[in-house]
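In TrEMBL this protein carries:
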BINDING   108, 113, 118  oxalate binding site
BINDING   111, 113, 118, 159  Mn(2+) binding site
DISULFID  32-49  disulfide bond
DOMAIN    63-213  domain 'Cupin type-1'
SIGNAL    1-22  signal peptide
C-alpha cells in the first residue's frame, strides 16, 4: 500500500513539474503581434542561429570594457552594454553585462529592466543605490555601496544609482537576459513619441498642466 501511495505521489509531482515547465518562455522583445502570413513575419525570442560548425571565437568575444566612457551629459552617466547585439554568442544564453560610468554626483536615473534581474558590483567610487517594490507598498530599499560591494535589483522593479562621491565612479552589472531592455521612467513618461496627453499626466502626477507641458518640452537624455 505504501508503495502505491509513493507511486501516486511520484506521478503527481512529475505531472506538476511538466506543467510548470510548459509555460510560455519569457519574451525577448516588447511585443509580438500575431499574423497569418509568415512571409511578413519576423523571428522572435532570440536571433537566427549560425551553423555551429561556422562559429568562431570572435562570436563569443568583446573588447573595451576597460575604457572609461564620456559622462559629460545631463544625467552624468553612461551605460556601455554587452548583450546579444555586441556578442552574437550570447543568443539563447540568458545573460548580458553592462559597464556604468558616473561623473561626480552623476546618476543612472530611475529605470526598469522588463526582462531581467540585475546584480551590480562597484569597482570605483561610492554609490547610493535603491529600488522600489510594486504597489501597494512601494517600499524603498536603499544602500550606500563602496568599492567591492554588490547589490541586486529584482526584475521589473524601478531602481537607480547615484554617485555621491566627489570623484568618478564605475560599476559593472550582470543581467539575466540576452536582451534585458531598459525603460527610463522620466524619458518614457515625459519624452514619449508622440507625447502623452498632458491632461493625463497632470492628473496622474497632480501637477498643473503647464508644468507637464514644460517637462514634455525638455530633451530627455538616454544614457544607454
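A Cβ is built for glycine as well, from the same backbone N, Cα and C atoms used for every other residue.
Because TrEMBL annotations are produced automatically, they should be read as predictions rather than curated entries.
Taking the features listed in TrEMBL, we show where each one sits on the structure.
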residue: 49; record: disulfide bond; contacts (Cβ under 8 Å, 6+ apart): 91, 92
residue: 108; record: oxalate binding site; contacts (Cβ under 8 Å, 6+ apart): 75, 77, 79, 100, 102, 160, 161, 162, 223
residue: 111; record: Mn(2+) binding site; contacts (Cβ under 8 Å, 6+ apart): 158, 159, 160, 182, 183, 184, 185
residue: 113; record: oxalate binding site; contacts (Cβ under 8 Å, 6+ apart): 153, 155, 156, 175, 177, 180, 181, 182, 183
residue: 118; record: oxalate binding site; contacts (Cβ under 8 Å, 6+ apart): 152, 153, 159, 173, 174, 175, 176, 180
State the mean pLDDT for the domain 'Cupin type-1' (63-213).
96
Quick one: which residues besides 108, 113, 118 have a Cβ within 8 Å of the oxalate site's Cβ centroid, in sequence order?
98, 111, 112, 116, 120, 153, 159, 173, 175, 180, 182
Shell of the Mn(2+) site beyond 111, 113, 118, 159, same chain only (C-beta within 8 angstroms of their C-beta centre):
112, 116, 131, 153, 157, 158, 180, 182
For residue 159 (Mn(2+) binding site), the number of other Cβ atoms found within 10 Å of its own Cβ:
22
